[in-house]
Amino acid sequence: MERIPSLASLVSLLIIFATVVNQTRASICNDRLGLCDGCDQRCKAKHGPSCESKCDGPVGMLLCTCTYECGPTKLCNGGLGNCGESCNEQCCDRNCAQRYNGGHGYCNTLDDFSLCLCKYPC
């Protein structure tokens, strides 16, 4: 006799799969908040109830560190004018790196028109 998976089994597998995929996208971040006075309350106020706080460091200089789940870095786009003879691909990348912290640039060409476009964390 062949077993037919029930709808509940399929839904359960889908939920488990979605949870695992979502966990792999999340990263662990740390935020140092200075001295330990009210560390747990400050962490939870800034990063939500699921964060963890700890105080560590040398005696007399304990510092508050919050550990929390953070998502992938969001990328923004910007433009820095035209690409061409005066500014090639390397020039565009260099200009984007100078203008936007962590930025990278590339020349996007459509027909005879070429723009310097930047991607950077925001």
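Residue numbering: from 1, along the chain as shown.
Quick reminder: no glycine exception, Cβ is built from N, Cα and C everywhere.
It should be emphasised that the depicted structure is a prediction, and the values quoted were computed from it without experimental measurement.
For C96, the cysteine that Swiss-Prot lists as its disulphide partner among C66, C70, C118, C122 is C118. Note: Swiss-Prot links C122 through a disulfide bond to C76 (candidates: C76, C83, C87). The disulfide bond recorded by Swiss-Prot for C66 reaches one of C43, C87, C91; that cysteine is C43. Looking at the candidates C39, C87, C91, Swiss-Prot gives C39 as the cysteine bonded to C64 by a disulfide. Disulfide pairing as given by Swiss-Prot: among C55, C70, C83, C36 connects to C55.
Its Cβ taken as reference, C36 (disulfide bond) is surrounded by 18 other Cβ atoms within 10 Å in the chains shown. Looking only at the disulfide-bonded residues C43, C76, C87, the one with its C-alpha closest to C55 (disulfide bond) is C43.
Ranking the disulfide-bonded residues C36, C39, C76, C107 by the distance of their Cα atoms from the Cα of C66 (disulfide bond) places C39 first. A coil conformation is recorded for C122 (disulfide bond) in the three-state DSSP classification, outside any helix or strand. Nearest Cα neighbour of C39 (disulfide bond) among the listed disulfide-bonded residues (C29, C107, C116, C118): C29.
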